[in-house]
Amino acid sequence: MANNELRIPLTRTPGSSSFMKASFNGTNSFLGIGFLTIPYAFSSGGWLSLVLFFSIAAMTLYTGLLIVRCMEVDPSISSYYDIAERAFSMKGRMIVMFMMNAEMYLIAIGFLILEGDNLQKLFPEFMIKLGELTLDGKQSFVIITGLLLSPSMLLTDLSMLSYISATGVFSCLVIVVSIFCVGAFDGVGFHAKGSILLNVDTLPTAVGLYIVSFGGHPVIPSIYTSMRDSCQISKVLVFSFVMATLNYVTIAILGYLMYGDGVESEITLNLPTIKVSGRVAIYTTLLIPVTRYSLVVAPIATAIEGGLSEKYKNQKPVRLLIRVALLISTVIVACVLPYHESLMAIVGSVFVVSASFVLPCLCYLKISDLNWNWNCEQMGVVGIIVFGILAGVLGTYSSISELLT
């Protein structure tokens, strides 16, 4: 630690974000790609799975606060990578970097699948024929989406796209209101109450999808360091989690009351396209992958560039080649693995469990160097670790089984 202490500043420089801006950024981070799969998760788990949902929300809020505690120990910490390095040296940093990049890669694939599903919903008869090769509508739309995204992949400065992505919270609110209008005014109603209280067989998949909904922990250090008054970070996290949880519960209950056990893996696939409300929800959904894909892939490209020699690291053709290769590979995988709900459940069960449950607890225990007397807090932290491991193992097994069947 002697060498590292030389570069540790005595204080952390305050940022410029107000409480409201930080709260908005936090809410936007936790309203992610799992938003549309929550009704399906609810139908998979049953009404009693809401208990697990609120438990997961509470646990992830607590682990978010643990990340803040880790940052308060050392003012030089400014990212999730720094927390892992502070706790487990450079090996911890490299493991976290690999896991976060793998998570973002799968989320990028999920964006393409989401786009293909909803475009096929709007244009069910569309397909592409190239000689004897025929691509169905979903695969065709995934490829078309990749082509439309290619110009944004040529940008190495994504500052403009970051402003566009800030529409995430607004988009989610538009989708919720549109779905409510479909049920209330377009003849669907709220009468399909669902007959399942608890479905044990598909409960692991439901838990995995619940978990992926609260997978914004890696951005908490950025929100913390960006705040003008970092002492309010706890209030920001509580506000963000409450807002995200209310949105999730609202769309879950609406979807389940409207379509019951027949709700699709993405709620937009159930909506009638002949109604204005349904089309508004679907078109709003289509904006999400377009505005976020490049931002999700950019850190992966940056990490790959960081591993190159100095000769190639700053050459623009090499940087463009890396981004185009990432785009092509995600398009191919999205065409091969078409099940959005199973992919998201795997992301939740493997990567979000690690980043939002296990690692914050382990890093906190390591950095804080607590004296073990098995008090309530220590038992709670250990309990979250055990829950995360069990949920990760069962959820991964269930999701992979669904992919293979």
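Just so it is clear, glycine is given a Cβ too, placed from its N, Cα and C backbone atoms.
These figures come from a predicted structure and were not determined experimentally.
What TrEMBL lists as domain 'Amino acid transporter transmembrane' is 16-400.
What TrEMBL records for 22-42 (among others) is transmembrane segment.
Sequence-remote contacts of a segment are chain residues at least 6 beyond its ends whose Cβ falls under 8 Å from one of its Cβ atoms, and for the transmembrane segment (48-68) they are 41-42, 80, 83, 197-199, 203, 206-207, 210-211, 214, 217, 220-221, 224, 233-234, 237-238, 241, 244-245, 248-249, 252, 356-357, 360-361, 363-364, 380-381, 384, 387. As annotated by TrEMBL, transmembrane segment applies to 48-68 (among others).
The transmembrane segment feature in TrEMBL is assigned to 95-114 (among others).
The transmembrane segment annotation in TrEMBL covers 139-156 (among others).
According to TrEMBL, the transmembrane segment annotation covers 163-185 (among others).
The transmembrane segment feature in TrEMBL is assigned to 205-224 (among others). Residues 17, 22, 25-26, 29-30, 32-35, 37-38, 40-42, 44-45, 49, 52-53, 56-57, 60, 63-64, 67-68, 71, 77-80, 82-83, 100, 103, 199, 230, 233, 236-237, 241, 244, 248, 341-342, 344-349, 351-353, 355-357, 360, 391, 394-396, 398-399, 402 of the same chain lie 6 or more positions beyond the ends of the transmembrane segment (205-224) yet place their CB under 8 Å from a CB of it.
Here TrEMBL flags 236-260 (among others) as transmembrane segment. Residues 19, 22-23, 26-27, 29-31, 35-36, 38-43, 50, 53-54, 57, 60-61, 64-65, 68, 169, 172-173, 175-176, 179-180, 182-183, 188-195, 213-214, 220, 223, 227, 267, 270 of the same chain, all 6+ positions outside the transmembrane segment (236-260), place their C-beta atoms under 8 angstroms from a C-beta of that stretch.
Summarising the annotation, TrEMBL assigns transmembrane segment to 280-308 (among others).
Marked as transmembrane segment by TrEMBL: 320-339 (among others).
Residues annotated as transmembrane segment in TrEMBL: 345-367 (among others).
The transmembrane segment feature in TrEMBL is assigned to 379-400 (among others).
Using a Cβ-Cβ cut-off under 8 Å and counting only residues 6 or more beyond its ends in the same chain, the transmembrane segment (379-400) has close neighbours at 59, 62-63, 66, 202, 204-205, 207-208, 211, 342-343, 345-346, 348-350, 353-354, 356-358, 361-362, 364-365.
Below 8 A, the CB atoms of the transmembrane segment (320-339) and the transmembrane segment (95-114) form 3+ pairs separated by six or more positions in the chain. In this chain, the transmembrane segment (139-156) does not touch the transmembrane segment (345-367); fewer than three CB pairs sit within less than 8 A of each other, excluding pairs fewer than 6 residues apart.
Counting Cβ pairs under 8 Å to the transmembrane segment (280-308), the stretch among 22-42, 95-114, 139-156 with the most such contacts is 95-114.
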